[in-house]
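Report on one structure; see the data block that follows.
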Amino acid sequence: FDGRNAAGNDKMSALMALTTRGCCSHPVCSAMSPICG
């Protein structure tokens, strides 16, 4: 187990969550993204 890796993954998933929220509020991006809805 590598603590630095875990922190990096947390940061990455937080960024992904933010991007996902932004994308899913945009009709075109939301339609193209399977994780929206």
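Cβ coordinates come from backbone N, Cα and C, glycine included.
As given in Swiss-Prot:
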DISULFID  C23-C29  disulfide bond
DISULFID  C24-C36  disulfide bond
MOD_RES   C36  cysteine amide
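A map of Swiss-Prot features onto the structure.
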residue	record	Cβ within 10 Å
C23	disulfide bond	15
C24	disulfide bond	15
C29	disulfide bond	14
C36	disulfide bond	15
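A helical conformation is recorded for C24 (disulfide bond) in the three-state DSSP classification. In the three-state DSSP assignment, the secondary structure recorded for C36 (disulfide bond) is coil. In this structure the alpha carbons, written CA, of C23 (disulfide bond) and C36 (disulfide bond) are 8 Å apart.
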